[in-house]
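Visitor: Would you mind keeping the following structure in view while I ask a few things?
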Amino acid sequence: MPGMMEKGPELLGKSRSANGGAKSPAGGGGSSANGGLHFSEPESGCSSDDEHGDVGMRVGAEYQARIPEFDPGATKYTDKDNGGMLVWSPYHSIPDAKLDEYIAIAKEKHGYNVEQALGMLFWHKHNIEKSLADLPNFTPFPDEWTVEDKVLFEQAFSFHGKSFHRIQQMLPDKTIASLVKYYYSWKKTRSRTSLMDRQARKLANRHNQGDSDDDVEEAHPMDGNDSDYDPKKEAKREGNADQPVQTSKIGLGRREYQSLQHRHHSQRSKCRPPKGMYLTQEDVVAVSCSPNAANTILRQLDMELISLKRQVQNAKQVNSALKQKMEGGIEEFKPPEAQTPQAPRTLGPSPPAPSSTPTPTVPIATLNQPPPLLRPTLPAAPALHRQPPPLQQQARFIQPRPTLNQPPPPLIRPANSMPPRLNPRPVLTTVGGQQPPSLIGIQTDSQPSLH
């Protein structure tokens with residue numbers, strides 16, 4: 001209480017004067033019990049105090065805070081106060097090698113991240129066997145982006161751009177929806193340099209601490225060479241000595257503009273590896289950790305390459321052997337055919353098989369004819385223009401050409417006085433000197449049908 005009174009004597013004086021002004025008949029001022037004089041404020045100040053309420057300090061036991069007795073058990077940690085859940089607590093009996101092996105199995109076989117794998121182990125009270133048996137019973141939440149996933153996404157985006165189908169080939173455990181969602185969050189918060197570039201820059205800054213001096217020289221390019229001394233320039237520099245800050249600002253502005261240009265066209269100035277080659281942070285760190293590490297890694301890669309070549313050669317040998325077997329054919333795998341004697345085929349009618357039902361009799365003329373598909377197509381009515389017999393055709397080409405006064409041979413002599421035709425009709429000889437009937441009088445219905 002004395003401390004509060006020491007801090008605000010003016011406040012106490014104002015409150016007392018306000019209370020005393022209402023009771024005293026003078027209203028202008030009065031003497032207090034302590035003997036000090038208190039002057040009343042104008043009415044405007046009193047009205048402002050009335051608006052904000054009574055500002056006086058309240059004294060008494062009813063206005064003091066009640067502090068309970070000290071209880072050491074009440075300050076213990078409770079889960080209800082924080083609302084969080086403990087997911088991992090290290091245990092001294094588990095060696096680090098065994099723990100790393102458990103985490104690797106959980107990540108590679110079951111898709112857990114490190115936090116989920118350790119949470120499962122802590123749930124089973126650091127029993128690795130029970131945790132490994134219980135890992136397949138749960139599906140981990142796949143929307144977690146580890147550092148490896150982020151680096152792979154940056155590499156894939158630098159190679160393929162916004163082709164999320166190609167990016168998914170490098171991140172097969174991520175869906176296209178999750179890739180698009182991460183792309184927009186990464187686009188807003190990303191810096192123009194990738195994680196690998198930042199890590200390489202940190203390592204370079206640790207080894208080379210002279211980069212800051214180079215930056216200072218770039219920021220002040222006019223403070224460079226002593227050999228480029230020019231008295232006129234020096235006089236101008238002395239005349240403009242009152243503006244050193246502006247020149248430095250201009251230089252910094254140019255650098256910022258160049259950096260902005262580099263940020264907007266960062267893809268052009270990047271040195272990309274060839275297609276099919278990818279860099280990872282672990283490999284770069286492993287190569288740069290010691291001078292002999294690069295040779296050992298290259299030897300391991302050579303051994304892996306040789307083993308892969310051997311596998312390819314073995315596959316080629318197996319394929320060539322299979323091709324040779326295929327060229328031999330499948331004759332040896334065919335089942336043997338039954339050697340049954342076959343009856344000779346006859347063109348005549350086959351003997352009728354004994355049957356109880358009577359079979360219709362087929363004329364012999366139709367059996368001796370060829371099948372319908374092999375029969376020649378003949379016109380329905382006999383043709384008026386017939387070909388001459390073969391003897392007459394041969395005689396036409398064998399006999400010598402007649403002279404002008406020699407009559408034609410009797411075989412091709414026309415029956416009437418009409419000029420000779422190119423294809424004369426054959427002369428049919430009949431028994432008894434009877435003339436053959438004309439072609440018009442032949443009845444086609446009496447002839448058997450060839451069809």
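Residue positions begin at 1 at the first shown residue.
Glycine too: its Cβ is placed from the backbone N, Cα and C atoms.
So Swiss-Prot lists these for the protein:
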COILED    293-329  coiled coil
COMPBIAS  218-240  compositional bias 'Basic and acidic residues'
COMPBIAS  261-273  compositional bias 'Basic residues'
DOMAIN    55-139  domain 'ELM2'
DOMAIN    140-191  domain 'SANT'
MOD_RES   SER212  phosphoserine
MOD_RES   SER227  phosphoserine
MOD_RES   ARG401  asymmetric dimethylarginine
MOD_RES   ARG413  asymmetric dimethylarginine
REGION    1-55  region 'Disordered'
REGION    204-275  region 'Disordered'
REGION    333-451  region 'Disordered'
Visitor: By DSSP assignment, list the helix, strand and coil residue numbers for the domain 'ELM2' (55-139), in that order.
Guide: 46 helix, 0 strand, 39 coil
Visitor: Kindly report the helix/strand/coil residue split of the domain 'SANT' (140-191) according to DSSP, in that order.
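Guide: Reading the DSSP string over the domain 'SANT' (140-191) gives 35 helix, 0 strand, 17 coil.
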Visitor: Quick one: average pLDDT across the domain 'ELM2' (55-139), no decimals.
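Guide: Across the domain 'ELM2' (55-139), the average pLDDT comes out at 84.
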